[in-house]
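Presented below is the structure to which this report refers.
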Amino acid sequence: YSVDTPDACTHIKDLSSVSDRSQGESRYIQVKKSPADAMFLLNSDVKRELSEEQIYRRSLRCIDMLSIDGQFTFKADRPQLHCALFIIGDPEEFVTIEYNFVNIDCLGGDILKVFDGWIIKGEKFPSSLDHPLSTGERYTDICDLNNMGSITRSSQNVAMIFFRVQEPGNGFTLTIRKTPNLFPCNAISQSPSGQFTMIIPHQHRNCSFSIIYPVVIKISDLTLGHFNELQLKKPPPRGCGGTGDFVELLGGAGLDPSKMFPLADLCHSFHGSAQMKIGCDNSVLRMVSSGKFINRVTFEYSQLDRQKEKQEDNSVEEVCSPID
């Protein structure tokens with residue numbers, strides 16, 4: 001259906017099924033449809049300019065997406081069993097969620113859970129390799145009494161809320177705000193084009209920048225500390241995996257970078273230009289950092305015209321074939 005509000009999406013197509021499954025004491029919830037259905041037509045240009053004195057308010061749909069700050073209310077007009085709210089900010093932002101009012105029947109099976117990241121069709125962003133918490137720990141259950149009236153902050157620019165409200169008239173009200181992230185690590189781009197600089201300052205972590213479009217990525221600057229040190233006495237090993245600090249380009253059809261095709265890796269610092277076309281539905285630049293150095297990469301990206309590439313006989317999609 002079409003979204004007629006000044007939020008992230010122009011359309012949300014056919015994202016109508018959310019399911020949950022149990023594993024141990026944690027309930028894992030996932031959206032079954034394609035991640036492209038959730039945000040393929042993201043358009044940050046439709047954001048409304050609001051002054052600090054104003055707050056944007058609107059009602060939520062069962063399947064919805066937000067990129068604007070404001071106060072949002074869901075009120076069930078009939079039993080709603082499989083609902084999800086996708087929230088996205090700019091890459092340099094955290095998402096904060098304040099629970100202003102909650103009127104659901106937790107004991108009767110209603111659900112209101114926040115997931116730190118996005119999870120669609122069993123695939124997570126950030127992946128388990130790039131997030132410090134386990135999948136179960138990334139859920140915040142608002143039905144726990146200790147969470148009523150509290151505030152949740154995401155670890156990156158995306159978060160999502162799963163909810164089930166069975167009694168008509170019941171629901172909840174949330175306030176969504178974005179706060180600055182001085183060293184953004186994992187992020188999903190709202191747009192098919194842009195520029196970004198990723199810096200990992202002496203931290204042992206992995207950071208993925210995801211663009212849910214086929215794109216051309218141009219890296220203009222890459223600084224990896226271990227190759228700038230004077231004590232380097234031997235050449236680096238073949239491939240980048242043994243260096244501990246490198247950048248890799250990935251492509252795939254799903255959301256999880258750990259399940260994508262490795263297309264290229266870079267473990268040498270350079271100043272110049274390196275370009276690659278990624279014809280997959282999802283394109284990711286991922287930096288792996290040992291924590292011993294300050295690593296930095298600057299890149300720009302623009303949407304790839306796959307039809308034009310086909311006409312020019314360029315094979316940019318073959319890497320997106322399923323892995324056996």
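Glycine is treated like the rest: Cβ placed from N, Cα and C.
Residues or ranges marked as domain 'Corticotropin-releasing factor binding protein N-terminal' by TrEMBL: 54-179. Feature annotation from TrEMBL assigns disulfide bond to Cys62-Cys83, Cys106-Cys143, Cys185-Cys207, Cys240-Cys267, Cys280-Cys320. Marked as domain 'Corticotropin-releasing factor binding protein C-terminal' by TrEMBL: 188-308.
With respect to their backbone Cα atoms, Cys267 (disulfide bond) and Cys207 (disulfide bond) stand 15 Å from each other. Each of the disulfide-bonded residues Cys185, Cys240 was ranked by the number of other C-beta atoms within 10 Å, and first place falls to Cys185. In the domain 'Corticotropin-releasing factor binding protein C-terminal' (188-308), the DSSP tally of helix, strand and coil residues is 9 helix, 67 strand, 45 coil. Other Cβ atoms within 10 Å of the Cβ of Cys207 (disulfide bond), summed over all protein chains shown, number 24. Cys106 (disulfide bond) sits 41 Å from Cys280 (disulfide bond), taking the CA atoms of both as reference points. The distance from the Cα of Cys185 (disulfide bond) to the Cα of Cys240 (disulfide bond) comes to 20 Å. Note: Cys62 (disulfide bond) has non-local neighbours Phe74, Gln80, His82, Cys83, i.e. same-chain residues 6+ apart with C-beta under 8 A of its own C-beta. Residue pair Cys240 (disulfide bond) / Cys207 (disulfide bond) shows a Cα separation of 16 Å. Around Cys143 (disulfide bond), the same-chain residues six or more apart in sequence whose CB sits under 8 Å from its CB are Ile104, Cys106, Asp110, Ile111, Leu112, listed in sequence order. By neighbour count, meaning other C-beta atoms within 10 Å, the densest spot among the disulfide-bonded residues Cys83, Cys106, Cys267, Cys280 is Cys280.
For the domain 'Corticotropin-releasing factor binding protein N-terminal' (54-179), DSSP puts the residue distribution at 6 helix, 67 strand, 53 coil. Between the C-alpha atoms of Cys207 (disulfide bond) and Cys280 (disulfide bond), the distance comes to 20 Å.
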